Amino acid sequence: MAEKKWMPRWFYQLASPRWCYQITGKLLPIFAVAALILLVGGTAWALIYAPADYQQGNSFRIIYIHVPSAILAQSCYMMMAVAGAIGLIWKMKVADMVAKACAPIGASIAILALATGAIWGKPTWGAWWVWDARLTSMLILLFLYLGVIALNSAIESEQTAAQATAVLALVGLVNIPIIKYSVDWWNTLHQPATFTLTERPAMAMEMWLPLLVMVIGFYCFFAVVMMLRLRNEIIQRERRSSWVRELISG
Amino acid sequence: MTNHPAEKIAVRDLKVDGPFWGALKRDLLLSYRRKSDLINPLIFFLMVATLFPLGVSPDSVFLAEVAPGVVWVAALLATLLSMDSLFRSDFEDGTLEQLLLSPQPLFMVVLAKVLAHWMLTGLPLTLMAPLLGVMLFLPADGMSGLVLSLLLGTPTLSLVGAIGAALTVGLRKGGVLISLLVLPLYIPVLIFGTASIQAALTGLPVGGYMAILGAMLALGLIMAPLAISAALRISVSG
């Protein structure tokens, strides 16, 4: 192909499962150590050293799990849809595998966000579940993830499954702002000002910094799990290629 | 999907002998010859609405309050139920493959098929909705909002549902899967559809809600056929 290359070199290299396997092998320990340090350090800082909230006492500390997981669940969907689009446009196998690896992680993180939200809601709002706009849109995000996983597992051919899920993820991506907007709007219509506590006071720096550490730690953790799943998927799909055989036998 | 010259949509495609009308006429004729498929979603619609007073409470005040939601949810489920058959028979007898191979723009053919589906489910559901409204003691003020919101909302349901139908057409058990894929995407239409009726009931202006439902329909009309076409190509080639 004499076509002019208009993407950087690494983008084309990413298309090679073998190269991707090697580079993730190098990156994996770095991210694993970073995730371990950030998560352990961040948790200790958040649970022991950060000051208690003047309204909610110590129960607010679940924010250090809840907020990072909620943020991560959303960016994971974004990543899945973008990877799916790359797979559709450039027919890049690795992108398909990334998209496939994202879905179960994103769904678990969304469940974590919902569960921590429920645990936090009990002492704060007095109920495990309220039809708050944010909770509802997170629940719908979980449904979108579950749809993607269900579709992917229902189609036998790997390539067709990857393409079909990519289309679904992209349709979901277009819909997420509409869903979010309509749920926000619906909530203000049905339940005006029930949860004044959701409007937290601006956070103090000593509370906010551990949160930042936890968010970065969650992203590193996501990268680790993602790469593990991706490597697994690469080995599984490329099992007939010579380099995988060498890897396994040697 | 491709830069195939035939994918460009021209005015001639909308002419009476063009692909749009051809596909529309074919689908309407086919379902006219299988009349039971036409009536089933309507019976389902009626039955779901009957279950609510039986299951919850026959109290007229209570029913009037939940009527907008019940009618909308029933319409949504009835649309979903009929969605699975949209491309299935065409897929099974090979017509779909011919449609994909034909030089006609798939966008228009798909749009025609969705329009035919709406004319055979969404439109009858909309026309039948006042009957359900009466059964559920919906006050007369809400009737116009009910019909108008369904008129604007059900085409969007058909368009979005067709994406799910196209993605699952190659699968043997697509029925339950479609609901999983499509129901979360239906939520905005449901929210604004029921809200418009509630606004009509309380005497508030409904123009804004109808505008949003119309905007969603406009977005669906241009975006959904692209996704449906892509999904059909994937399902048929896979």
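Using N, Cα and C of the backbone, Cβ positions are placed for all residues, glycine too.
Features of the protein shown, as given by TrEMBL:
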DOMAIN    A:26-190  domain 'Cytochrome c assembly protein'
TRANSMEM  A:27-50  transmembrane segment
TRANSMEM  A:62-89  transmembrane segment
TRANSMEM  A:101-121  transmembrane segment
TRANSMEM  A:133-152  transmembrane segment
TRANSMEM  A:164-183  transmembrane segment
TRANSMEM  A:207-230  transmembrane segment
Fill in the blank from the handout: Per the Cβ under 8 Å criterion, with at least 6 residues separating them from its ends, the transmembrane segment (A:62-89) contacts 42-43, 46-47, 50, 95-96, 98-99, 102-103, 105-106, 109-110, 112-113, 116-117, 119-120, 134, 138, 141-142, 144-145, 148, 162-163, 165-167, 169-170, 172-173, 176, 210-211, 214-215, 217-219, 222
Handout entry: Chain residues in Cβ proximity to the transmembrane segment (A:207-230) (below 8 Å; excluding those fewer than six residues from its ends, i.e. six or more beyond)
Key = 20, 24, 27-28, 31-32, 34-35, 38-39, 41-43, 45-46, 49-51, 53, 63-65, 67-69, 71-72, 75-76, 94, 97-98, 101-102, 104-105, 109
Fill in the blank from the handout: Best-packed against the transmembrane segment (A:101-121), counting Cβ pairs under 8 Å over A:27-50, A:133-152, A:164-183, is stretch A:133-152
Problem - Long-range environment of the transmembrane segment (A:133-152) - Cβ separation under 8 angstroms, sequence gap at least 6 - result: 70, 73-74, 77, 80, 100, 103-104, 106-107, 110-111, 113-114, 117, 121, 161-162, 164-165, 168-169, 172, 175-176, 179-180, 183-184, 186-188, 198
Practice task
Can you check how the pLDDT averages out over the domain 'Cytochrome c assembly protein' (A:26-190)?
Solution key: 89
